[in-house]
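Trainee: My structure is below; once you've seen it, I'll send some questions.
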């Protein structure tokens, strides 16, 4: 392998100040336009506009029926099999009837098929979103609906309040309004507020809360649902208080379901994966066997087992959301809109990067918003992509969203003819399915130690997000996580990386002297590097950092010089000749030896007028000490701001701007008679 040290770079060029560089190479400021540079009005056609908003028109016209159809059909059947147990189980987290989970895998999915841009996202139920919806349902629906602990009815003959389904549908509509508004305003970047650290801590805390909420069904306890904050504490307290009345039959069913499902996931699945891409549908098997055993053994009557209960046959009639309830659901709607979008987009981007295709983040907002609008008219909870289903959809061989059409076709059969056969299904089976499915999220607790090793601040964000969700509540946990993340951003904004640069001998390379021990300072020159923005909030920090590193405060130095000058004058006026040595020492103190300060702006991303004003103050202060300020490496927008604020015009020659650090060093060494090491590069 070639030794890189043998290679050399030899360049001869003029020394450039920034203004001369612009003149010599015909600098022209780009013209601003309301239309992005990639948007050529001549290329915009009605067909392109429509296909960009309705992606199915574009990709379905190029669909490879011969090569992709069979893979999509097989994948669609597999995903439909997963939808059945997951949909029924997660619907209970939202405090709505289990059949709602099947509705969610049908109506919104058809809309996403038309408007979505991800080829592999499996849209439908997601545990965290259902849990967040369940909190709102519990707070705003009529308590009469939860007095029957055995089942959650679709409707009751009452006019005193809202049913759980009505509240859930209105939450879904509110989520849709926020997502469509974000699409119109191109606010897809808002999901960036949910960093990997925050999402990991948040979902871990939510998984713990979900697991605790399922313990009562696993143990067969009849305890009320709690609403508000500190739900985990209240639930655990009620479980401990009533543990003596646990239903042994429910506990045995749960133990068997969890054991068999876990054995499949940990032992059988890796073995089967070596021979087939099709996983064993263990959740569906558990649901089917649970329903059969419950029906023939009459578990509900003989052992007091709580079962799913009535499942309406056929498709639901469309119903508008309760619009008057929307103001009370705005906070819940916003948090669910952001969380569901962030999870769905992150899943879409993972598959897009892996399989080399494009995902339109803003179009995903529209697709989710429209899906939720339709879903809200058919009793659906807000949709989200599922990691497990999406992964299976891709691994089994799914190529496009035709998978969704196949899945919906199978689920339509379930809704029309088969749904009623799941009525005797014990809730303890569904609770066990949920707990086993959450194993991956629960194991994210190990992420804390990874973040701790990488960054203590990231670990703090994870810990605050997780603990706040568990101890207080899911919405407060999300808010706390975002708040700590923003505080961390501001904290790092006010702690920019600053250093003094030294020269690597016989080169034009300048590096941090604290990190590179061979880098040498240049006599009479201080090279200060600042990373970040210089604005109204950081201008004083910039000045303080500069003064501290170069170990010189011009105001204090000026006052000190004035005092020394007065003392020197007094000594010179003294008739005593033995004070000559003292006078010479005083003159040496006044002469600092520093001639130039070079400000490396190569890592400065923004300077506002307040920052320019501070640079004027700094330049004027050092001018009084006969020290020049040279700026180098600044971007063209920053130089434009300097010109606009007339910094260079008013401060030159005390302040000059150069193309690079070495240009500034060569100029100052020539101007002030400073000899570089070896006399040259």
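Any Cβ shown, glycine's included, is placed from N, Cα and C.
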Trainee: Which range is it, out of 190-209, 430-449, 510-529, that shows up in TrEMBL as transmembrane segment?
Mentor: 430-449
Trainee: When you get a sec, could you say which of 68-91, 92-115, 116-139, 140-163 is annotated transmembrane segment by TrEMBL?
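Mentor: The listed stretch tagged transmembrane segment in TrEMBL is 92-115.
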Trainee: Could you check which of 29-53, 304-328, 329-353 is flagged in TrEMBL as transmembrane segment?
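Mentor: That would be 329-353, per the transmembrane segment entry in TrEMBL.
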Trainee: Checking distant contacts: for the transmembrane segment (229-258), what same-chain residues at least six beyond its ends satisfy Cβ-Cβ under 8 A?
Mentor: 135, 208-209, 212-213, 215-223, 286, 290, 299, 303-306, 426, 428-429, 431-433, 435-436, 470-473, 476
Trainee: Is it true that the transmembrane segment (92-115) and the transmembrane segment (400-418) have 3 or more CB pairs under 8 Å, sequence gap of 6 or more?
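Mentor: Judged by the Cβ rule, the two regions touch, with the required three close pairs present.
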Trainee: Considering only Cβ pairs within less than 8 angstroms, which of the stretches 278-297, 329-353, 365-388, 400-418 has the most against the transmembrane segment (461-494)?
Mentor: 329-353
Trainee: Grab the same-chain neighbours of the transmembrane segment (400-418) for me: Cβ-Cβ under 8 Å, and only residues 6 or more beyond its ends, written as numbers and ranges.
Mentor: 56, 59, 63, 68-69, 72-73, 75-77, 79-80, 83-84, 99, 102-103, 105-106, 109-110, 112-113, 116, 118-119, 122-123, 313-315, 393
